[in-house]
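Student: Sharing a structure here in C-alpha cells format.
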Amino acid sequence: MSLIDESFELREIQRLEGHTDRVWSLAWKPATGIGGVPAVLASCSGDKTVRIWEQSRLTGSFECKAVLEETHTRTVRSCAWSPSGKLLATGSFDATTAIWDKVGDDYECVSTLEGHENEVKSVSWNASGSLLATCGRDKSVWIWEVLPGNEFECVSVLQGHTQDVKMVQWHPSMDILCSCSYDNTIKVWAEDGDSDDWHCVQTINESSDGHSSTVWALSFNSSGDKMVTCSDDLTIKIWGADIMKMQSGDGIAPWKHICTLSGYHDRTIFSAHWSREGIIASGAADDAIRLFVPGENGLIDGPTYKLLLKKDQAHDMDVNSVQWSSAENRLLASASDDGTIKIWELAPPSGK
Amino acid sequence: MSEKFSATLRLGDLNDYISPSQGCVVSLKASSTRQDKSQNLEKVGTATKPLQTEPVKISLKDCLACSGCITSAETVMLEKQSLDEFLSNIDRGKAVIVSLSPQSRAALAVHFGLSPVQVFRKLTTFFKSLGVKALFDTSCSRDLSLIESCNEFIARYKISQSTGDEKSKQSLPMIASACPGWICYAEKTLGSYILPYISSVKSPQQTIGAIIKNHICQNLCLRPDEVYHVTVMPCYDKKLEAARDDFVFQLESPGDTHGNTGLEITEVDSVLTTGEVLDLIQSKSVDFKALEESSLDKLLVNVNEEGHFYGVHGSSGGYADTIFRYAAKFLFGKEIKGPLDFKIIRNSDFRELSLEVEGKIVLRFALCYGFRNLQNVVRKIKIGKCEYHFLEIMACPSGCLNGGGQIKPKLGQSVKDLIQSLEIAYTENVLVADPFENPIIKGLYAAWLEQPGSEKAKKHMHTEYHPLVKSITSQLQNW
C-alpha cells in the first residue's frame, strides 16, 4: 500500500523555546534517534546562537543541551552536521563559517573559515565528510577540503551565480554539488578531472523548466536520483537524473524536469525536504507545513505528486525550515520566524 | 569589458551596496531588481520583489562597470583609459610613449603567428605611424623592480632573523606586489594584517612610468607634463593600478622658470589591454603581418646588439625565481645555475621551491596563482602557520599570461592550449639574463638612483598600501 492511500496526521510532539529571534535552519545529527541513541537536533537563529537539543531517554521530550554562542557576531543562517556527526558547521551573516567539535559536554569552535565577502547563507558536507561547501550573498560557492587537525583548505571558489546564493547541497552519494539562488537558477557543480578544479556542469533556469523567481532550497531523495526545489514563484519542482550512468563513471547526466507542483502554495516556499521514505515536506511564508507523496504510477503524464496533508498555522509566522529526521521515526522538525522550533510526528489519525 | 578584471578583483567587489540614491544604471537598463541589502531584510527583500518577467540581469561584471557599485569616478576613470583617449592625446600633440609588457608581446605573437621580436618591431612601426614617439618594454623596467625586490627581501630576511619584536614577525613572508588584482583585494578585504607583508616595490608598469616621467623624458628633451604615457598590459586591473593616487607625483624643479612647480604628474596616464591593442590594429585596417619591422627604441628595451631579447625566467614576472637565486647566493653562498625545481603542491598553480643548507630548509618560496590558492596562503598567514619566506601571488589562474586583458582563445581553442602556446612564445628567443647585469638598469642607477634601496630608489621605486575600512563611505572612495 502506498502512502497516499493511508490516512495521516501531523501531530505536534513538542514546541522548543529558547531562541530569542527567528529560527533559520535545523539539522538532525546523523545516527541519532536510532538504536537507543537519543535524537539530537541543532538549530540556528537570528539571535546569533546555535542550540543543541537532545531527546531525553526517560521522558522522550527534547531539552536544550548546549547553546553555542559568543562566536558568531551576527545571525547564524545555516547549520550542518558532518556525516559522522562529529563536527557541526555553521554559516553566519558575519561572513564566517565556524566548525564546532564536541569536547566532553561542551561544543568548541575548532576552526573558522573566512573568505566570503559578506553573509554566508548555507553550509553542506559531502557524503564522505571530506568536503564542505559554503555559499552566500557574494554570489560565490566555495568548496573546502577537510584536512587532519581541523584544518580546511579552499579547493575552489565558484562564481557562476549572478545573485545571492541561497543554498548549497551535496548529492547524497556522489561528489556533485547543487546550489540555488536569488538569480532564479539552480546550478550543478562537478570536479573537472582534467584541471583539478570544479566547474558548473548544468544551469537550470526558467527556459529549462526551472523557476521564475528566487530558488530558496533544494533537497535530494535518499537514493539521489531525484531532487526537489522550492521557490518564491510558489512552486515546488521535482527533477530526476540518471545516476546509474554517473555512478558508472559515464560522465555527468543532466537533471531533467519531472513535474511542477503548483497551485498548492500562495506564499513563498522557503524550505523543502525529502524524507527517507519519500515524503516531501514544505515550509512556507503562509505559516503552514505541507506534505507531498508520489501519486499513482503509470499515468501518461508521468510521475505525479499529491498533497498528503496541509498543516495550517503550524507556526505563528513564516516556516523557514522543515527537516525530516533520518531515523525511522517519522519525526519532522520545523523552524519559524516566531522563534520556536516544533517537533512533529507523522502518524495515523489519533482515535483510529 | 569588465569581465576582464581578474576573478579576485571581481570577488572583492561582491558587496552589493547599490544604494538607491546612486542608481544602478545596469538595473535600470535591464528593468530588474536590486539585491536585498541587509541581513534582517533577507526575506523582506524578496517579499517586496516585484513580479519579474525575466530573470535578474545584473551580473558581477555589470556591477564592476556600474557607477553605483564602486565609485562614480571609476567609469570616468575607465573612459580616460580607452583607445579614444589614447588617439585624442596623439592628436592633441602630446608626446605619446607606449610601454609594452612581455605578456602582451607574447599574446600578439601567438595571435599573428609571428615571433615576439617581429611583433615588437611591427608594433613599433604601427604605433609610430599613428604618431607615437617611442615604444618601450616593461621587461626592462621589471629588472629594476626585481633588483629592488631582491634588496628588500634581504633586508626583511635579516630582520626576521633578529630577535622577535613585532616588526621581525611581520617581515616575512614577503609577498610580490606586481599584481594589482591581488593588491586591491588585500587592501579592500584583508586589510592591515596582510599589508605589511607586501613588498613595497612598485610593479614594472609603475616603475617604467616613474623612469619615463622622472628621468628619461629629460634625455628625450621633453617636460614630464608633455608626455602622455600608455602601457599595454595583459590585465584590466592594471588600469586601476595606474589610477592610484600613490602613482601621481608633484613636479619639483626649484628655480623652474616655466612655472611648472607643483604640477601633478601621473606615472602612467593610461593602460590599454592586449585585446584593446588588437582592436586598434583591426580598426585601422592594417595588415599587421605585412608591416615593416622598425628598429627598436633601445633606450628602454631589453634587446642586445644582435637583436635578441633578454630577461628573467617566469611568465608572471619571475619574482620568486630571481629573488630565490639572489638570496641563495647572497645569504648562503649558493650559486644556482639552470632552471629552478618548482614542485607542484596541490595543483599546477601552487608550486614550491626550497633551499636546504646542512639539512635545514633555509629558503622556502612559492608561486601561488588564482583565487583559491591565494585564499589558503592568506589563511595560513593569518593563523601564523605560513612557512614561506616569499610568495609570488597572482590573482589569475596560470598567472599573468592568462590575464583578463589578453586576446581571447580562437574558436575551438581551449584556454589551456592557448596558455601553452603563450608560455612557449613568452620564452621564445629570450636570452635568460640576470637583472643586475642589465646595462640599461645599471645606467639608471649610475645616472639617477645611485644604488638599490637608496633614498632616491625608495622615493621613486617604492610605494605604500592602505587598508580600506569597510563602510559605504569608503566604498565610494575606493580609488
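Glycine is no exception: its Cβ is also placed from the backbone N, Cα and C atoms.
Among the features that TrEMBL reports, repeat 'WD' is placed at A:16-54, A:69-101, A:113-146, A:158-189, A:208-239, A:312-346.
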Student: Out of A:69-101, A:113-146, A:208-239, A:312-346, which stretch has the largest tally of CB pairs under 8 angstroms to the repeat 'WD' (A:16-54)?
Tutor: A:312-346
Student: Which residue counts does DSSP give the repeat 'WD' (A:208-239) for helix, strand and coil?
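Tutor: Helix (H, G, I), strand (E, B), coil: 1 helix, 16 strand, 15 coil.
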Student: Do any residues of this chain, six or more beyond the ends of the repeat 'WD' (A:69-101), have a C-beta under 8 angstroms from a C-beta of it, and if so which?
Tutor: 21, 24-32, 40, 42-46, 48-50, 107-114, 116-125, 127-129, 132, 134, 136, 146, 150, 152, 167
Student: Across the repeat 'WD' (A:158-189), what does the mean pLDDT come to, as a whole number?
Tutor: 96
Student: Where else in the chain does the repeat 'WD' (A:312-346) make close Cβ contacts, counting only residues six or more beyond its ends and a cut-off under 8 Å?
Tutor: 8-17, 19-28, 30, 32-34, 39, 41, 43, 45, 53, 62, 270-277, 279, 281-285, 287-289, 291
Student: How many helix, strand and coil residues does the repeat 'WD' (A:312-346) contain under DSSP?
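Tutor: Per-class counts: 0 helix, 18 strand, 17 coil.
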